[in-house]
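Chemist: From TrEMBL, here are the annotated features:
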type     : residues : note
ACT_SITE : Ser189   : active site
ACT_SITE : Asp339   : active site
ACT_SITE : His369   : active site
DOMAIN   : 107-256  : domain 'Alpha/beta hydrolase fold-3'
DOMAIN   : 292-371  : domain 'Alpha/beta hydrolase fold-3'
SIGNAL   : 1-18     : signal peptide
Amino acid sequence: MGHKTLCFGLFCILFAYHIYIPMPENIEERWKVQFLDAGMKMLSFMGKIFENTDLMKYEEFLSLFVRIQLTKPVSDENITVIDTDFSDIPVRLYLPKRKSERQRPAVIYIHGGAFTLGSCKMLPYDYLNRWTANKLDAVVVGIDYRLAPQYPFPTALEDCVLVIKYFLQDTILKKYGVDPTRICISGDSSGGTLATAAIQLLQNNSEHKIKAQALLYPGLQFIDSLMPSHRDYEHGPFLSREIAMKLACLYVTEDTALAQAIQRNEHMPKGSRHLFKFVNWSDFLPEKYKKNYVYTEPTLGKLNVFYPALVDSRLSPLLVNDSQLQSLPLTYILTCEHDILRDDGLIYKTRLRNVGVQVTHDHLEEGIHGAISLITEPYNLHLGLTIRDKYISWLEKNL
């Protein structure tokens, strides 16, 4: 019995050592973030055990903890909440009850989750979209797009584009009392990827121009997996490089060879070097974020399989050229310092400003990835409220 107790104790110590990382001094509610970070790593560790023993796939295990956060469409005294379909894609609508003398603005929100997890019906997104509708007196649409790996690239994007096109029809805008000149597309993390790509696809092909895009710590490229932020925050907090790449690669393929190659930055196919100029962080990042890192190109031609998605701007919106960027709408980008995706947002901000797009950028020095999804019970992360307030404030001023 004593040996079993000793072995269990040693296992707990080794496990705690494995998942522990020191928290930066400037992070707000450090012990809460430390706890959340340990919880995320523990879930990932358990997910890998389940997958390696053929009990359950990694992403299926993580999705169990997403499902317990799903909510029903409950209306309140200010907002009518409805679950319906737009072009056969599930959406959740938030419709203000109070009468308005003029047409309302609208926000279409695309949730994050590395293309494999999440739902607009999760408690944090339901809370954020309800709050947005109430504060802005706006119609809000949450999109429940289909998830990888069951529905690989570009299914999620196609779902979002279908919903946006459906909503932009004159008859639908009139039905919900929406002003066609005051529409914003928003998203966080991989939802920011989808929002960015959707706007790039639609901006020049839509009868109604989208007025604004709001991107919260977006991921915007699959080209270079060794940017300074990937190196600085390889182990988190909260979102590690390994977890992010393991999940996001499922949007492209279930072949684990891609996830392994992208960890080494050896995933890009031969003939793709001409794309590196669009994501070369040494050209676009402020000096502050370059530190002492030396830029090296991703290694070409190491994978035996060619994945067309890796050279597709619908997966990596940073790949569009400057002439395409010029027509993009008013933009809000929020980046977090302690986030592997930090540099994606910083590069996009620089490139948009270089071609004359009006960009408002908030950078949270104390920020971590995923804070919006930690805004409600049981986490109540104050940083999530800070991001919410900055996002809402920008929408109030610009819609």
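Quick reminder: no glycine exception, Cβ is built from N, Cα and C everywhere.
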Chemist: Taking all residues of the domain 'Alpha/beta hydrolase fold-3' (292-371) together, what is their mean pLDDT?
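Modeler: The answer is 97, the mean pLDDT of the model over that range.
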Chemist: Taking DSSP states H, G and I as helix and E and B as strand, how many residues of the domain 'Alpha/beta hydrolase fold-3' (107-256) are helix, strand and coil?
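Modeler: Its residues divide into 63 helix, 26 strand, 61 coil.
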Chemist: Where His369 (active site) and Ser189 (active site) are concerned, what is their Cα separation in Å, rounded?
Modeler: 8
Chemist: What is the Cβ neighbour count of Asp339 (active site) at a 10 Å cut-off, with all protein chains included?
Modeler: 27
Chemist: Provide, as an integer number of angstrom, the distance between the C-alpha atoms of Asp339 (active site) and Ser189 (active site).
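Modeler: That separation, Cα to Cα, works out to 10 Å.
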Chemist: What are the DSSP helix, strand and coil residue counts for the domain 'Alpha/beta hydrolase fold-3' (292-371)?
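Modeler: In the domain 'Alpha/beta hydrolase fold-3' (292-371), the DSSP-based counts are 25 helix, 20 strand, 35 coil.
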